[in-house]
Amino acid sequence: MAPSYKLTYCPVKALGEPIRFLLSYGEKDFEDYRFQEGDWPNLKPSMPFGKTPVLEIDGKQTHQSVAISRYLGKQFGLSGKDDWENLEIDMIVDTISDFRAAIANYHYDADENSKQKKWDPLKKETIPYYTKKFDEVVKANGGYLAAGKLTWADFYFVAILDYLNHMAKEDLVANQPNLKALREKVLGLPAIKAWVAKRPPTDL
């Protein structure tokens, strides 16, 4: 019997979208529960460590976006062929998480003075550094982020790209031809194209 899936997350793409991409690619039906802000106080105590996204698999709760994505990648043939390739995938996904954290450090800063000071280093140093490096990695891997083939790392990156772009206030791959081609490649997959066409529209 096929497992049942229920994703619990707020009504945005962000860290829930890699999971939605992977479930769609795996042609799995899933309940996409998007709670509203007012629902969170009652929902939070039932979530592991009080955070989302949470993916229930046959009623069993799993959490942490990267861990869930890694699991789904294995389920759907998107992991490495050996430990070395899986290390390559994990390294690049962890680096994507570092990049996200650097942008989020600016975006979520509630102190406007502090936020202003972070803007120039982010735009002139951090973003160009990471996007150039990622572009070089994709070029060296034959058009992919790791292992020279399509893996869950590619889905993870493309799925959170709208979120990263929203926080950074720019299209991060616009001037990086290999990253841009990777985005088009993933979004062009029939299952992903179908998901993107039917998902609720959100900015991030």
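Note that Cβ sites are derived from N, Cα and C of the backbone, with glycine treated the same way.
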Practice problem: Name the residue, out of Tyr9, Tyr25, Tyr33, that Swiss-Prot lists for the same glutathione site as Trp40, Lys44, Gly50, Lys51, Thr52, Gln64, Ser65, please. | Solution: Tyr9
Quiz item: What are the DSSP helix, strand and coil residue counts for the domain 'GST N-terminal' (3-80)?
Solution: 36 helix, 17 strand, 25 coil
Quiz item: Tyr9, Trp40: which of these binding-site residues has the sparsest Cβ neighbourhood within 10 Å?
Solution: Trp40
Quiz prompt | Least Cβ-crowded entry, counting other Cβ within 10 Å, from the binding-site residues listed as Thr52, Gln64, Ser65 | solution = Gln64
